[in-house]
Every structure is written in C-alpha cells, then in structure tokens.
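Worksheet: one structure, shown below.
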Amino acid sequence: MTSPAARERESLASVLGGRKGAVDASLPPLAFVLGWLIAGNSIAWGSVAATATAVAVGVFRLVRGDKARAVVVSLAAVIVAALVALHTGRAQDFFLIQLLSNVASALLWAASVVVRWPLLGVVVGLVLGQKTRWRRDPALLRAYSRASLTWSCQYLLRVAVYLPLWWTGQLVALGVARTVLTWPLQALTIAVSGWVLYRTLPADHPGLRLEPAGERESAPGPDGALAEGLDRGEPGGA
C-alpha cells in the first residue's frame, strides 16, 4: 500500500498542471520567427503568422474545454507583442513583453517569500480549497517558501538567457530559447520545487491535502474539492 507521504510526493505536478498550456504558449513565438524568416525578415508577416497561430491555438483550446478568459488573455498577449515589434521596427521586440514579464515574475516570487506569503503556497492553497490555512502550519510555510524560490530562479534563468539575445537582436536564438525554456523548464521547475517542498517537510507531516495537526479537531470538514489542475501558459510568465 502506498503511504500518504508517497502519494503527496506524486501530487504536486498534478495539482499545478499547466503542461498543455505551456506547450500552446510556445507556438505563436515560433510562428513569428518562422514567418519572419520565410518572408525575408518581414516583421509584418511574422506578426501575421504569430497571430494566426494564436487564433488557431485559441480555437483548439476552446474545443478542448479551456476557459474563454484564459484564451482571450493569451491571444491578446500575442497581439500586443506583435504591435510592439511593428511599432519599434525591431523583430526582437516581439519578445520584449515576455522578457519584462519574467523580470516581474522573478521579483514577485522572491518578494512573496520575504513577506511570508510564498506564491506556491497561495496557488496550491487555492487549488486545494484550503484558502490560507496552510500559513498556520510553520513547517508548511517554510517548505512553500523554499520551494517558491525555485520558481523565482526559473524566471531569473529565462531573463539571463533572453536579455543578451534580445539586446543583440538574435531573433532565431530567441525563438529557440523561448521554446526550450517554456514547458521543459516549467516541468523541471515543478519537479524540483516538489522535491524541495517534501525534503523540507518533516517525515511525519500530514502533507499538502491534509489538515495541519492542530486544526483537525476544530475543522468541520474539507473546505473544497481538489481541482484537477491549473492550465496556464507560463505561471507568472513563460
């Protein structure tokens, strides 16, 4: 029989989910680069290719059952990125918003640890219907804080790769980096943050889905059902 701890160690990836959304998010930037190359370094045709791909992906996601709001936000992000590149006349500026969003995400995740509201705990708590009860458990708060730093490092790595490529106008390299550092890096981040999380928790800790020991008697029951997962393109920016 699988122990509760073992089951919980397998749960973080399924709780966070997001692989499908991350894969979808990497397609429009790739289409922009391909359109730009095929059309002889044309930002306009690259923008058309990216927007058309984003629309096709959006339709597919709606058919798949994704929320319309998430689809609209993803499409809007691609359109804004294309408009920025068209306005500046620099193809690499298609990736400027992505670069800035990763800078902001790195700072936000790090700041959340400093103020003792680690974002990984906030996200998992919402998905599990726990609201903010996890903050009353010192061990869980500490574990979420350390694991959240892994996510901040993910965004810092992207910035470290994107920034010099953007600065020097290496559009093809940016497209490749955007693809490699989307769902593969996100999957690695989920795995590493899950490992950090459970390495930090004591062996006898009830885990993510269980009530902290001090609340079991007072709580009338579970607050909510486990959601199937968060289907996001780049938690905080991919």
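Every residue, even glycine, has its Cβ placed from backbone N, Cα and C.
Copied over from TrEMBL:
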COMPBIAS  209-218  compositional bias 'Basic and acidic residues'
COMPBIAS  229-238  compositional bias 'Basic and acidic residues'
REGION    209-238  region 'Disordered'
TRANSMEM  21-39  transmembrane segment
TRANSMEM  45-63  transmembrane segment
TRANSMEM  70-87  transmembrane segment
TRANSMEM  107-128  transmembrane segment
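Residues of the same chain lying 6 or more positions beyond the ends of the transmembrane segment (45-63) and with a Cβ under 8 Å from any Cβ of it are 21, 24, 27-36, 38-39, 70-72, 74-75, 78-79, 81-83, 85-86, 91, 94. Beyond the transmembrane segment (70-87), the same-chain residues lying 6 or more positions past its ends with a Cβ under 8 Å from any Cβ of the stretch are 21, 24-25, 28-29, 32, 43-44, 46-47, 50-51, 53-55, 57-58, 61-62, 93-98, 231-233.
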